[in-house]
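Among the features that TrEMBL reports, domain 'SAM-dependent methyltransferase TRM5/TYW2-type' is placed at 239-510. Residues or ranges marked as S-adenosyl-L-methionine binding site in TrEMBL: HIS328, ASP366, LEU367, ASP394, GLY395, ASN427.
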Amino acid sequence: MSFRDDPLFRPSSPKMFCRKLWVGRFVDYSESDGSLNPSPGRRSLLKQFAFSRRRLKVESCRITESASLILLPWASLIQKLNRVPVIFLLDQRKRFSTMPEIETNHRDSELFSPPSEVRGMTELDRTAFKKTVTIPVLKVRKEVVNKLMRSLKRAALQRPGIKRVIEDPEDGEGRLIMLDPYKMFTVDSFEKEELSILKQLNVNPQISKYNLDLTYENFKSEEILRAVLPEGQDVTSGFSRVGHIAHLNLRDHQLPYKHLIGQVMIDKNPGITSAVNKINNIDNTYRNFEMEVLSGEENMMTKVRENNYTYEFDFSKVYWNPRLSTEHSRITELLKPGDVLFDVFAGVGPFAIPAAKKKCTVFANDLNPESHKWLLHNCKLNKVDQKVKVFNLDGRDFLQGPVREELMQQLGPLSKERKHSVHIVMNLPAKAIEFLSAFKALLEGQPCGSELLPIVHCYSFSKDANPAKDVQQRAATVLGISLEAYSSVHLVRNVAPNKEMLCITFRIPAAILYKNQTVNRDSNLNKLIKADLRFTLI
């Protein structure tokens, strides 16, 4: 197989890479602030409308606070603008009515928002979230409920935690079907097919009103935090789940509310019993980070399942990132039974264990004594302890010791008969590129064929405008050669705005790997590299 036909090394097109990069950033931005980013024209229109809405509500004797406007299609916005005088009149009527008009609630975000009084709360008081809202309902006989609900999926209330059918308090034999307050206002809100079903079942299509009591249990975590945190601030509703632990990364403006946020995460996510916040970067020798327990139990001993494998460890003492599950699977899929894998920064085994299960020969290393301990434990737990050789060394010592010794055998005189590949995984994004220098003149003897040379998968972060090129250039600087023509760069994930995690994959050129190829290095290096490339690219 030629180099260009090998899917492992086929470079992604610049367009595809940029598209992946853009999508990743778009998703992260939308997750971070919980909103969409309208165009300048829409933003201007929304701003004008939001101002008008506030003015109208003030004129109606300040009965309600300003509502945050949900972004809607243009047609819907125009309809809203046309209804502004109506909203004013209805808001005036609200002063004298205990049952506000359903018609005013078209996409009104206040309807299912917690009470405004919870703003600024730092210690969670669940009783403060009680609220009564008016919901449109359809009165029906209980014997027709099941048949009717299949036909009213569009019109029925779709709100998690709230029953769509309840007993009619005025008629023990009757039932009330909760309707969507954003769609159902009058009889005319029903579609033709829905009205036909109602007629067949002898149900009066007249819409009634029902006062629904909401409590803390009825609100989503994002709704609770958006109501509590200062208005306009971004809300943390996502986290990394590690067994029973919710791992958050709070921003400075969220810290005064950290204990409340932690408790909400526990309350709203079944199985979560502890919430922690990272309070420093992963920059120490052992790749773990200092954390603070925000709420719940302080037990950091956890158990996780990833890609059908089980891992147990103390989360406070080792590195584990559930967002790398797809990457662990991607590398595993590249391996074939009989291949050799050297995992330089193995952690608790997410690369090593799946590879061993795939009948690969695995050498796994980690400098952190806790990671080493749990790596051994997880190998036994997944019944691959006889297939994985585990080391507790510095990454450079591992490469220049056990890896060198095994490569001398794998790439020796009998290597031509070898049909399996050798892979070296270096998942330490902050520093792994620096360790590439350990491959320089690592081996002695006659070089093997280029197709048998080890394949390196080296991870790195980049904040550059062209992250792929940046990683290639930094790796090339360490090795002293250009990698652009025969390396592949894979975008792993978007870590933060303008920060990507990438994996550069390449075969180590014999001119770098072997000592006897470094004679007259300056004059012959380009010639030797071209020879490697010529062989590989055919």
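Just so it is clear, glycine is given a Cβ too, placed from its N, Cα and C backbone atoms.
Whatever TrEMBL says is automated annotation, not expert-curated.
What TrEMBL annotates, mapped onto the structure for a quick look.
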| residue | record | contacts (Cβ under 8 Å, 6+ apart) |
| --- | --- | --- |
| HIS328 | S-adenosyl-L-methionine binding site | GLU306, ASN307, PRO350, PHE351, PRO354 |
| ASP366 | S-adenosyl-L-methionine binding site | PHE345, ALA346, GLY347, HIS372, LEU375, PHE391, ASN392 |
| ASP394 | S-adenosyl-L-methionine binding site | LEU367 |
| GLY395 | S-adenosyl-L-methionine binding site | VAL344, PHE345, ASN365, LEU367, MET426, LEU428, PHE435, ALA438 |
| ASN427 | S-adenosyl-L-methionine binding site | LEU324, ASP343, VAL344, PHE345, GLY347, PHE351, HIS457, TYR459 |
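The domain 'SAM-dependent methyltransferase TRM5/TYW2-type' (239-510) scores a mean pLDDT of 93 in the predicted structure. Taking the Cβ of LEU367 (S-adenosyl-L-methionine binding site) as centre and 10 Å as the limit, one finds 21 other Cβ atoms among all the protein chains shown.
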